[in-house]
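One structure below.
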Ligand SMILES: Nc1ncnc2c1ncn2[C@@H]1O[C@H](COP(=O)(O)OP(=O)(O)O)[C@@H](O)[C@H]1O
Ligand SMILES: N[C@@H](CCC(=O)OP(=O)(O)O)C(=O)O
């Protein structure tokens, strides 16, 4: 059966500690991806390595530490990286497509939809989208730094059937095997516990960034999106196909069966609320206990500067956050109809939908907390 597969390859698998791209490794991974592609799967690649590939070419002796230096190194290395993938995938007749993303590309629904549409078209045309963070424009507050979380967000965005995070270690161990030789591999994980986080350490080499800790962060994102995840090593021909078939050298993370719709997932976990709507006790009960939409009658006020279609928090009369949803109204329209019956409201405002927040575009705070508790 054809699957949609996101593969993430870390800097440590593609570059050497002294800097520079290992073209043989790029060729090896490109061939692995081409094999999956030839089996009829839709393949997306999230690749790191721009900074590590570029710093020596730019004249730095070691991987730079300052943000603008890393950005400069990435600008050089990203071109080298893409050139190597183009060449290696081209040999199998596959077009390699570069996509550079930053955090707002996920939190802004319009941008997320645009990215999705482009990716869908590339997949339809049998290309392999090759994704990295847009390092030259990402500043501190919006930077992923490592690509593990980025790959999980991509997997959720495209509703992947699986995410494969490839690294230099064959899975998550009970401790960092570089420091604890007695550590043993964990074969499968269905709940992310504090204990697991204690076992996961930082990066294993000077070119890697997040270590196993950032891979667990990625697992948290992928699992709440319902995407199964594999973290492990692909070092011999056929390893990636084996991993995709459930026989990989690594750890499998199995998400809970139920998951939110893509839209609710975006509202709950990716969006950036732009304001607040304050509601009375009746609306609170309707939203939290009766699965209803938010109607004008239960609203007391709106705060913030948001536009219809943007996400807002819904707050009870005591200030507690009840959840968040997409507002179909601007704040002035809410003020005009707050407390009115639906019929009265219809006479005062011209809106696409009379529900201020539709139930399909609403996520209760309890669901968000539950998701965190299970992580
Ligand atoms: N509990 C653990 N199990 C396995 N590896 C671990 C663990 N804790 C820390 N690590 C380290 O994580 C490294 C992989 O992450 P990282 O260096 O960021 O690579 P990448 O560039 O592939 O993302 C391994 O080389 C290993 O040294
Ligand atoms: N965007 C950066 C990623 C940095 C990095 O090393 O990430 P990772 O391999 O996930 O630890 C780059 O391409 O260099």
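Just so you know, glycine gets a Cβ as well, placed from its N, Cα and C.
TrEMBL annotations: computationally assigned, not manually curated.
As recorded in TrEMBL:
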BINDING   8, 167, 168, 209, 210, 211, 212, 213, 214, 215  ATP binding site
BINDING   48, 135, 147  substrate binding site
DOMAIN    275-358  domain 'PUA'
Compute the average pLDDT of the predicted model within the domain 'PUA' (275-358). 95
Let me spell it out: for each of the binding-site residues (48, 147, 214), count the other Cβ atoms within 10 Å of that residue's Cβ, using every protein chain shown. Which one has the most? 48
What is the interatomic distance between the Cα atoms of residue 210 (ATP binding site) and residue 48 (substrate binding site), given in whole Å? 12
Please identify which of 135, 168 has the densest Cβ environment, defined as other Cβ atoms within 10 Å, among these binding-site residues. 135
Mind running the binding-site residues 8, 168, 210, 212 against ligand 1 and keeping the ones whose CB falls under 6 Å of it? 168, 210, 212
Need the DSSP three-state call for residue 135 (substrate binding site) to compare against my parser. coil
Cα within 10 Å of residue 48 (substrate binding site): which of the binding-site residues 168, 212, 214 qualify? none
Within its own chain, what residues at least 6 apart in sequence put their Cβ under 8 Å from the Cβ of residue 8 (ATP binding site), listed in sequence order? 45, 46, 47, 48, 147, 148, 151, 163, 164, 165, 166, 218
Whole-number Å distance between the CA of residue 214 (ATP binding site) and the CA of residue 135 (substrate binding site)? 18
